[in-house]
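> One structure is given below, represented as structure tokens, and several questions about it will come after.
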């Protein structure tokens, strides 16, 4: 089989092509889509590797392998390797070949100041011509060829995600409350400062409690500023989250910060978790809530 997407089969994507044509960008994009990626696997080992993955009991369903000129000594029996894949039951595979014209590849090598692996002491063009000859048979086996000559990395990433991303693939959102006095979280993709909201810390009965307590949450939520802020914030997130999902982002960390991370940020984080939990996989966590007890 040569088409990806059969739920009952292990999906194997083989990525090959010219050095400098974008294989690294492709693999990074596939990793973000949840593919199990293996770089520089000799072609002769592909059937054995596929068999091992099948024996994993379905824990690995989508695999991407990169094969290139680093394994050139194993390219001689490529036809035998492909025939072995064709005869494997429960395997759906697709070969993607990334290419670019000589001028573009030479330009990319000059920009990165890297030497072509087949021309360590000569011009990049000599190595490019040698690589084309080496990969000629592999290109003939490809189910799809993408010419990246006119593509920027972000455009190639978008194409890979659109083609191999699963429709409706889940975006996992971690809403994280924190206190600025303990430092901002370094892994937050989006961060919102709610220190302008009314502070329960100055209400004696509420001070020992947290934003998870109903009376504290009610105190924070009842104010006009909070209601207006949440309306604008939910509108913003409601617009941006689907776009993050379409771009292939699998995880998003939203930081909500107040002074100590005990009252306001906790209440707002809990509210956002409820608001977006119906449409996304949402996890709410409170980094600093217990530090203030």
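Note: Cβ is positioned from N, Cα and C throughout, glycine not excepted.
Annotations for this protein, taken from Swiss-Prot, read as follows:
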type	residues	note
BINDING	17, 18, 19, 20, 21, 22, 23, 24	ATP binding site
BINDING	68, 69, 70, 71	GTP binding site
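I would like each feature placed in context: is it buried or exposed, what are its neighbours, and how far apart are things?
The Cβ of residue 23 (ATP binding site) has 22 other Cβ atoms within 10 Å, all protein chains considered.
The C-beta environment of residue 68 (GTP binding site), restricted to residues of the same chain at least 6 apart in sequence and closer than 8 Å, consists of 16, 17, 19, 23, 40, 135. DSSP assigns residue 68 (GTP binding site) to coil in the three-state reduction, placing it in neither a helix nor a strand.
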> Could you check which of the binding-site residues 18, 20, 21 is the closest Cα neighbour of residue 69 (GTP binding site)?
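With Cα distances computed to residue 69 (GTP binding site), the winner among 18, 20, 21 is 18.
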> Among the binding-site residues listed here (19, 24), identify the one with the smallest other-Cβ count within 10 Å.
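Across 19, 24, these binding-site residues, the one with fewest Cβ atoms within 10 Å is 24.
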> Where's the emptiest Cβ shell within 10 Å among the binding-site residues 18, 21, 69?
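Least crowded of the binding-site residues 18, 21, 69, by Cβ count within 10 Å, is 69.
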